[in-house]
Amino acid sequence: MDPLFQQTHKQVHEIQSCMGRLETADKQSVHIVENEIQASIDQIFSRLERLEILSSKEPPNKRQNARLRVDQLKYDVQHLQTALRNFQHRRHAREQQERQREELLSRTFTTNDSDTTIPMDESLQFNSSLQKVHNGMDDLILDGHNILDGLRTQRLTLKGTQKKILDIANMLGLSNTVMRLIEKRAFQDKYFMIGGMLLTCVVMFLVVQYLT
């Protein structure tokens, strides 16, 4: 397990270094860097699945520490995934603004019944208002993604905590009644998390409907 863990840990640090390259990359190379980072993140998630299996096969006196190390790696890579998505969202928003600005400047607006040109200032003001609405919706969607990512991270943390509690309970020889109570609480937490995710989606939908 240790060699695979060290490789994965090293790869996480390499991705953190690559994230800094995104801010300085030009338009031609930024997509290449993004794809490289995403491919590395996907590979780490695959390795984490293998590490989880290996950690469960560790001796009882090493199992808890092994799972803690795997959980920490999982937490780090999930934050890297969120950071990459946030960067891509900001980049897409900038590119969309640039395209709309270029289209607006290259387009001549005329009325239907005369050759009177619509004042450019009014057109720019209208476009600016639309852009603010789009940016507000994009920010709302991004916040929703971050909330859902946080809920997924919380679920993984609760799942890992449940495993640790059950392992400790087995070592201490707790009764079946106590074990069932622990499992019941974990089951209830799962439904609370799902309810929170659904509520977030409903709120996002209602706000988007209101803005549009």
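Here the Cβ of each residue, glycine as well, is placed from N, Cα and C on the backbone.
Annotation source Swiss-Prot lists topological domain 'Cytoplasmic' at 1-190, citing sequence analysis. Taken from Swiss-Prot, the feature N-acetylmethionine covers M1. According to Swiss-Prot, the feature coiled coil maps to 61-107, an assignment based on sequence analysis. Per Swiss-Prot, transmembrane segment is recorded for 191-211.
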> Where does the mean pLDDT land for the topological domain 'Cytoplasmic' (1-190)?
Replying inline: 76
>> Taking 10 A as the limit, how many CB atoms besides its own sit near the CB of M1 (N-acetylmethionine)?
In response: 16
